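See structure below.
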Amino acid sequence: MLLEAPTPSPLPRTKLGAILSHSEPPSLHNHHAYYNDTDEDDSSHHQRASNATWSPQNIHSFSPYTLSPLDNQPTLMALSPLTKSPWNTQSQIPNNPNHNNTTTNNGLVGSITREEGHVYSLAVSGDLLYTGSDSKNIRVWKNMKDYTGFKSSSGLVKAIVISNDKIFTGHQDGKIRVWKVPKNEKHTSHKRIGSLPTFKDYVKSSINPRNRVKLSRNKNAVRIKHYDAVSSMSLDEKSGLLYSASWDKTVKVWSVWDLKCMDSLEAHEDAVNAVVVGFEGRVFTGSADGRVKVWRRMKEGRRQQVRHEMEEVLLEKESAVTALAVNKECRVVYGGCSDGVVNYWERGEKNKSGGVLKGHKLAVLCVAVAGNLVMSGSADKSVCVWKREGNGVHTWISVLAGHTGPVKCIAAVQVEEREACCMVYTGSIDRSVKVWRVSENAPELRISNKGFLL
């Protein structure tokens with residue numbers, strides 16, 4: 001029997017905050033006091049198990065229909081009070097009589113819940129998980145337990161990027177803060193070492209009138225700083241460049257070594273919701289104006305200054321582009337949109353549209369790639385998982401259900417022992433982070449090219 005997924009009506013071209021008006025506070029930028037930053041960063045801000053709980057879950061075999069977003073009441077496994085207790089010290093992956101080393105089930109491994117705020121961003125580095133929330137805190141988790149944390153005095157944490165010994169956090173107030181990673185486990189505190197742009201570069205740039213952009217009749221801003229929320233960041237490790245996207249319609253490029261602004265792009269006609277470093281020197285941006293653009297990086301002049309040129313527009317539609325992800329090995333770009341679909345393009349002689357992935361009832365808010373797996377989180381509280389086959393066809397293999405709020409951020413890491421398996425981390429407006437095990441060999445959910453569930 002064929003079940004047709006309801007086709008959501010496109011949303012107007014608005015900022016991502018308008019899509020989730022209840023979860024995105026207004027931007028709090030202050031042009032006059034940008035460098036009166038009196039952040040009282042508490043690098044030793046520890047709050048232990050009394051405020052955080054980890055609820056390990058058995059990896060449960062749900063039927064495709066039970067987990068489908070078309071099912072309004074997914075069947076979830078009941079947990080005993082002992083299992084929910086923060087003092088329960090059982091292993092991360094609980095014993096299951098149906099679980100062995102060759103399991104192909106996709107399911108929940110564990111859940112972290114905090115009372116201090118909704119989760120808007122996360123990043124994984126080795127055995128550490130970093131989460132950012134609307135409480136202005138960045139919490140660090142190790143083995144699913146509260147490890148350490150640090151905070152600033154303003155600005156919801158919308159993006160986290162880790163580069164060797166530095167951590168970059170993008171905030172609702174338009175600032176990008178830079179933190180020093182501790183050198184060893186004995187010292188867990190994270191010290192703030194600056195902001196982007198640096199105070200010196202900001203003052204130097206503000207002196208020259210050519211470095212200012214006009215915001216309105218009576219207002220202007222320095223070109224090298226964001227004057228609205230930083231919505232997304234992406235790192236090019238090889239070139240040492242950090243890209244930041246903002247609701248101020250620009251994308252800025254920073255050196256992770258000396259923290260200088262290398263380039264500033266007037267990228268879109270509306271808020272830029274996503275930026276991702278791609279392949280062959282390309283960078284992709286997605287905006288509330290409904291476009292996905294491709295930018296080519298180049299170097300000019302004797303000083304080899306970094307510059308970017310807009311190469312082409314991959315997508316132009318009425319619905320806002322909310323998230324981007326790239327499979328660099330297969331050279332495929334994925335773009336989540338507010339109409340609930342994920343568009344994708346394959347790079348050949350020219351970028352060509354590969355198709356559309358349909359599985360959500362509401363806006364797609366985040367997208368991640370790990371190997372041949374593609375994961376998308378949505379305002380409908382679910383995570384859809386697709387597998388890219390060798391011929392480019394995508395198979396819908398799972399729906400991960402369990403969040404009680406919109407899934408705002410996602411990260412995926414391949415398991416080294418089994419490349420066909422990965423760990424997926426999802427953060428939600430329900431104040432929780434969930435950890436899932438996902439395998440390419442899981443039972444399949446088939447969808448046709450018209451978006452039907454087979």
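Glycine is no exception: its Cβ is also placed from the backbone N, Cα and C atoms.
Taken straight from TrEMBL:
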REGION    1-55  region 'Disordered'
REGION    77-104  region 'Disordered'
COMPBIAS  82-93  compositional bias 'Polar residues'
COMPBIAS  94-104  compositional bias 'Low complexity'
REPEAT    150-189  repeat 'WD'
REPEAT    223-256  repeat 'WD'
REPEAT    265-295  repeat 'WD'
REPEAT    357-387  repeat 'WD'
* Structure fact -> Beyond a gap of at least 6 residues from its ends, the CB atoms lying under 8 Å from the repeat 'WD' (265-295) belong to 13-16, 228, 231-236, 241, 243-253, 308-326, 328, 331, 333, 335, 343, 347, 351
* With DSSP as the yardstick, break the repeat 'WD' (150-189) down into helix, strand and coil residue counts. => 0 helix, 20 strand, 20 coil
* To do: Kindly report the helix/strand/coil residue split of the repeat 'WD' (223-256) according to DSSP, in that order.
  => 0 helix, 19 strand, 15 coil
* Structure fact -> Averaging pLDDT over all residues of the repeat 'WD' (150-189) gives 88
